[in-house]
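These notes concern the structure reproduced below.
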């Protein structure tokens, strides 16, 4: 069998790039939303926007957190088994 290290490296770089770029896009969009919320003049509108956007940001954060934890756990399990036959 041939070595798959080069393929794994390329795949890791591609996946890492996709994750970083998508995360940056999401963070930038949330920063712009927060900027606009903070510049609202109406207190009622401000609280309504914070309530709506806040819950959405929490859900998206949990989604990424659990995905990251799962990825790190699976990667560490894979590396732990490398020395075994």
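Here, residue 1 is simply the first one shown, and the rest follow in order.
A Cβ is built for glycine as well, from the same backbone N, Cα and C atoms used for every other residue.
Taken from Swiss-Prot, the feature topological domain 'Cytoplasmic' covers 1-12 (among others), and the record attributes it to sequence analysis.
Here the topological domain 'Extracellular' (34-48) has no Cβ contact under 8 Å with any residue of the same chain six or more residues outside its ends. The topological domain 'Extracellular' annotation in Swiss-Prot covers 34-48.
The feature topological domain 'Cytoplasmic' is assigned by Swiss-Prot to 70-85 (among others).
The transmembrane segment annotation in Swiss-Prot covers 13-33 (among others).
Long-range contacts of the transmembrane segment (49-69) within the same chain: residues 23, 26, 30, 33-34, 37, 40, each at least 6 residues beyond the stretch ends and with a Cβ under 8 Å from a Cβ of the stretch. Residues or ranges marked as transmembrane segment in Swiss-Prot: 49-69 (among others).
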